[in-house]
Each structure stands twice: as structure tokens, then as C-alpha cells.
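Colleague: A single structure is presented below for examination.
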């Protein structure tokens, strides 16, 4: 009788796992292909072949780019190279990428940059906050940008027991930022378990020198995060659920959900056009192709523009789409004066005119 019960439980467990796995394949758009959509005058940026996972642009047109991310389960075409921060001047007719030098005191060999966020202080000093994964842990590095020298001065590393599996950040004050935890667990197999069962244990944190707290939770995988131009609202990409959450920010930094914008693709990082308030999302059309990389059938790329965000029917339009022949694994799209810079997790970087 004991063996029969054990076999019954085993069979039921395997059936449940199988059902969840099939559901996961469906959620990951396993059969989706994309039709090409391309803006005018697009060209790849020389020197950015190992990813441009996140991009943040100063009002002056200087773009910071994180490159060289090593992330469990994703391709890595330069395993022996450490990550870098690149700078581009989008005012130039043919902008080029330049790797920024980092001052002494920072271990560049362990640099594994992920999400980034710019903060401009009252005296116009520019600080760059970078999510870093040394030894696959999570820290937030703070740098001061030296514009004349085209370099970064290392200032500080932030660590906290709640800052695990950090994906992206948005900085709203000196050492005050929101951060997304894309998974509850930190080991690859438990993350896979979390994804298959869709536990929705992912969250958004708020950090300040006074402490860290969870301000929103219940996400399948909170990924990109950004803020509205007036800083009243925070936008969170739940990549696994194919949704963008519009959150109201309160005086105590807590977040309340106002609405959810459903998508048919996997939105990664989000940026906001400061002039229009539109959201731009770098997206993965087919997540199976992203995690099970095949160079003969590579993951595609997609960029969405979301307009009229607070209306009953926000307008979602595809600005760029490619089947992977040009750009693979798009993670971010950022605009500046009629130009768009499209970055990827591990592949190339595209510059287009809108």
C-alpha cells in the first residue's frame, strides 16, 4: 500500500510539473515569429558587440551604456572579458562608443553591470548608479561622472541582504532608489522552479541610507523600472507576465498600483521620453529562443512605444522588430531628439532615426 501511495504521489507530481512546463512554453511565446519593422537610417554601433543591456541618456545627449552582462541561462560571447560602461554622444552625426575609464579602488575584473540609472545633483554633478553582479551576487555601485576626462570615479558599493537578484534601478535622490528583484531565489535551479510554477514572488524594493523595504510585490519577474517625468509615478516591467505596471508613488516611498498594460511580448527595460512621457520598451518576442540559444534560429528583437499611458486605451505600437538577423535579444530602447538607441542583453547595438 505504501509503494502504491508513493507511486501515485510521484505520478501526480510529474503530471503537475509536465502541465506547468507546457504552460510555461505557452507563456514564453515558443512559436511566435516577428515581422520586420525598421525605422530610417539604421546602423550598428562599432565596438558594442557584447551587449548593451541598459542605456540612460543625459539631457545633453550623452548616453551611458552597460555592456558585458553575464547572466545565468543566457548566451555570453565574451566569457573572458569583464563588463564595461560605454559613453556615446548622440549629438554627433555618426556617434561612436567609448569605454569609460574607472578610477582606482574598484575591481574592474569582477565588473558585471546590469541595470543603470543617472542622478543629477543640485550642483549639476552627474552620478551613475550601476547594478553589479560580482560572483553572481548583487551590489549597487555609485560612480561620479567626470565629463572632461570622460571617466568614472568610484565612490561607493551598496550591499544589503534584501538586495538580491537585483535587475534594474531608478534613482530619485542621493542614495535613494527603487530596485527590482527579478527572482525570489538566487540559484539557477530554484529560479527555474520559480519560473515553471510562476510563484509570483518577485518584488520592488526601496533603498535609502535609513533602510530597505519592499514597496510592491506579487510580480512574476519584475525587470525594468523607470519613473514618469514628474516623478509621481513609477513604471515596472513584469517581463515574465508580459505586463507593464503603472504605480503611484507616495510620500513614504510606497507604491500603489493604478493600472496594468498587457502586452503580447516580453518587455525588458523601460525608458521614458522626457518631452512626451511616452514609455519605450525593449522586448523579447520569443523567450524560448532567448534562453535556448540557437545561432541558426536566434532570438529576435522588438521595441514598443506606449502612448497615452493614463487613458483607458493606451496606444501600443511597434517601432522596431527583427527576427535576429540584425539584432538579437533587445533589452532597451532610449530616444533623444528624433534618434533611438536600441540595446541588447548580449548582442549588438543599433542606432536609428525616427
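Cβ from N, Cα, C; glycine included.
What TrEMBL says about a protein is an automatic prediction, not a curated fact.
What TrEMBL records for this protein is below:
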type	residues	note
ACT_SITE	114	active site, proton acceptor
BINDING	53, 116, 167, 168, 223, 268, 269	Ca(2+) 1 binding site
BINDING	54	Ca(2+) 2 binding site
DISULFID	42-352	disulfide bond
CARBOHYD	269	N-linked glycosylation site
CARBOHYD	323	N-linked glycosylation site
SIGNAL	1-15	signal peptide
Colleague: Anything within 10 Å of residue 53 (Ca(2+) 1 binding site)? Look among the recorded positions 42, 323, 352, comparing CA atoms, and list what you find.
Modeller: none
Colleague: So around the Ca(2+) 1 site, 53, 116, 167, 168, 223, 268, 269 aside, which residues have their CB within 8 A of the centroid of those CB atoms?
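Modeller: Near the Ca(2+) 1 site, the remaining chain residues are 54, 114, 115, 131, 180, 224, 225, 331, 332.
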Colleague: Near residue 116 (Ca(2+) 1 binding site), meaning Cα within 10 Å, which of 42, 54, 323, 352 (recorded positions)?
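Modeller: Those near residue 116 (Ca(2+) 1 binding site) - Cα within 10 Å - are 54, in sequence order.
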Colleague: Rounded to the nearest angstrom, how far is the Cα of residue 54 (Ca(2+) 2 binding site) from the Cα of residue 42 (disulfide bond)?
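Modeller: Computed Cα spacing between residue 42 (disulfide bond) and residue 54 (Ca(2+) 2 binding site) is 19 Å.
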Colleague: Whole-number answer please: how many Å between the C-alpha atoms of residue 323 (N-linked glycosylation site) and residue 268 (Ca(2+) 1 binding site)?
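Modeller: Rounded to a whole number, the Cα-Cα distance is 17 Å.
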Colleague: What's the number of neighbouring CB atoms sitting within 10 A of the CB on residue 223 (Ca(2+) 1 binding site)?
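Modeller: Around residue 223 (Ca(2+) 1 binding site), other Cβ atoms within 10 Å: 26.
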Colleague: Roughly how many Å separate the Cα of residue 167 (Ca(2+) 1 binding site) from that of the residue listed as 'active site, proton acceptor', to the nearest whole number?
Modeller: 6
